[in-house]
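Copied over from TrEMBL:
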BINDING   A:GLU45, A:ILE369  Mg(2+) binding site
BINDING   A:CYS64, A:CYS67, A:CYS402  Ni(2+) binding site
BINDING   A:CYS67, A:CYS405  Fe cation binding site
DOMAIN    A:119-408  domain 'NADH-quinone oxidoreductase subunit D'
Amino acid sequence: MARTILPFGPQHPVLPEPLHLKLTIEDETVVEALPTLGYVHRGLEKLCEVRDFNQMIQIVERVCGICSCLHALCYCEGVEQIMGVEVPRRAKYLRTIWGELHRVHSHLLWLGLFADAFGFESLFMQFWRVRERIMDIMEATCGNRVVVSVNVIGGVRRDLTPEQCAWIEQEVAIAEKEIRQLTSTILNDYTVKKRCCGKGVLTKDQAYQLGAVGPMLRGSGWAQDARQTGYAAFGELGFEPIVEFDGDCYARSAVRFRETLQSLDLVRLAIARMPAGETATNVGGAGDDDTPQVIGGKRGDIMQAYNRDKSHRVVAAPPPNLDIPAGAIAAKVKGKPQGEAVTRVEQPRGELMYYLKADGSKHMDRVRIRTPTFANIPPLLAMLPGCELADVPVIVLSIDPCISCTER
Amino acid sequence: MLGNLINQGRIKSPWVVHFDCGSCNGCDIEVLACLTPLYDIERFGILNIGNPKHADVLLVTGTVNQRNKHVLKNIYDQMPTPKAVIAIGACGCSGGVFREAYNVVGGVDKVIPVDVYVPGCPARPEAIIDGVVAALEKVKKLLGMTA
Amino acid sequence: MLETIPLSLDQVAAVAKECFDDGWRQVTMSAVDCGEAGFEILYHYDKDLVMKHYRLSIPKETVVPSISPVYFCALLIENEIRDQFGICFSDIVLDFGGALYLEAEVRAMPFCKVSVAEKQS
């Protein structure tokens, strides 16, 4: 039979990002898929030579806007490991809270996009409506909706007041209720099952051998999650990974859906167990002066914007106080990192690994970032041959592709 | 008479096409957030579509790199005139934090003419909507409609 | 401090096979430019959330045997290293020839501290 080569991307309605797949199709069946990457490659690992190790936090946060908090967390943990810094317990819990909120917003975003990929637009709208509530929490506690720059080497730069904690708990409870209302649609609806069940099957052995990570691996029956290693406060929260066994698109979306609810629980648990104390340890900055940097200020204009934009919405209560506690972090020079470290955290898309090498100067020698989508592309190439052309968007989205992560 | 009607339609209901040009996704998800119930740009008649040949306004997020500059140029050339280009985010405006990276060309204006710059890292959805409205004013002038 | 197991060039493929049969998951490989001393490539493997790292030190312009025939997932990583450092791998399952990320304008091994030689083909 005649073979046709069909380009998929880089600009495609279903993909928010430029990924190019060269699909060889026979009739309506895909027989081969070849990726072309590089549309988002910036080369930011190399920027460690022009930015010092503190400034690199801002760079790694922009590896991917969706999971920025976790990139910074992984990087900071690595530098802390090299410098032998112990992070205060309260900071660990705060990192957990923001990290899990990031997971919730990322999964809701993905669930919406996934629904959109098979044409269920109203479900897309529903999930994104709930997601805005999480974005509000981020904005009220960190000052930015997406790129939440809270992690610094030695701790976090913001604290949560008891009122803010109570408000977050209220908002999280409403979000959970709203997500639960969508359970029967995303898990039981005829359309959803028709498009997802049995599509893009990745067997248990395949998933492991091809190096799949995150919900891809857990959707195929492996109970592996980097959170089990107990970074940040996960060691004290009694975390159990969520596993599904079918290995198809439906299993992966079920993993992500259940993880969303689990992350909301983890946020509440972390708030309940959060100890009092410092939010950051004094560590060396890269600068040569030892004047403490004080970060803090009034957020009056943001509060006004909040009232203006959201006055028509049902909220539990307006956020209590958006002023940032003054003097949140002080940085003092005590040394520069020297050594190597490998750290892993669980991003919404899977396990994220940083390899850091520092040679004792203020610049890192090497920052190597292995992002989850990079590991999930080989399994994608294995899943595509044999599927129908109409299922390609669904299968591609089921790996939760984050191309800006992949290419950096 | 008919031309006037079409022009009116263009201004009242601009169709936008979004291209991610090496962005970190932060701005992309804010562009998408514009479509969702809270911000809902469709109430202004703005419609997001996938085909550049149907579009009046091009939203570009992120820095331009050596590979995607060809794609960007291609998409721009496929759009019918009159057209407007909006660069979103610090990266789209100037290259942002990545401007020193080896594979980065710089802002969107290095490759195609930009009409409106929307700063921010990432730009807020409200700012993006404002940007589209500002771009429409420019399109109006191009069409010779002074209103 | 990171504990690594030293690895020599002729062991690369054999060790990969051993790890594969033993049920280790390939996490990634990291290449580092050590200036005059050449390159270091770290092979990271994971099993039940425990990681082990092999360190391969090679002079510049060495051709490294690919592990992608064993671990298919290594093909992207090896192509990426080829792009960024100009290290060539023999027998990659799918060879992008240094064009995974980069267009012809910037094919100059951007991650190397000193560009030493033209890329081998």
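Glycine is treated like the rest: Cβ placed from N, Cα and C.
Since the structure is predicted, the reported quantities are computational estimates derived from the model, not experimental observations.
Within the same chain, residues at least six positions away from A:GLU45 (Mg(2+) binding site) with a Cβ under 8 Å of its Cβ are A:ARG366, A:VAL367, A:ARG368, A:ILE369, A:ARG408. Local packing around the binding-site residues A:CYS64, A:CYS67, A:ILE369, A:CYS405 was summarised as the count of other Cβ atoms within 10 Å of each Cβ; on this measure the leading residue is A:CYS64. Checking the binding-site residues A:GLU45, A:CYS67, A:ILE369 against chain B with a Cβ-Cβ cut-off under 8 Å leaves no residue at all. A:ILE369 (Mg(2+) binding site) falls within a strand segment according to DSSP. Residues near A:CYS402 (Ni(2+) binding site) in space but far in sequence (CB under 8 A, at least 6 apart, same chain), listed by position: A:GLU17, A:CYS64, A:ILE66, A:CYS67, A:ARG349, A:THR371, A:PRO372, A:THR373.
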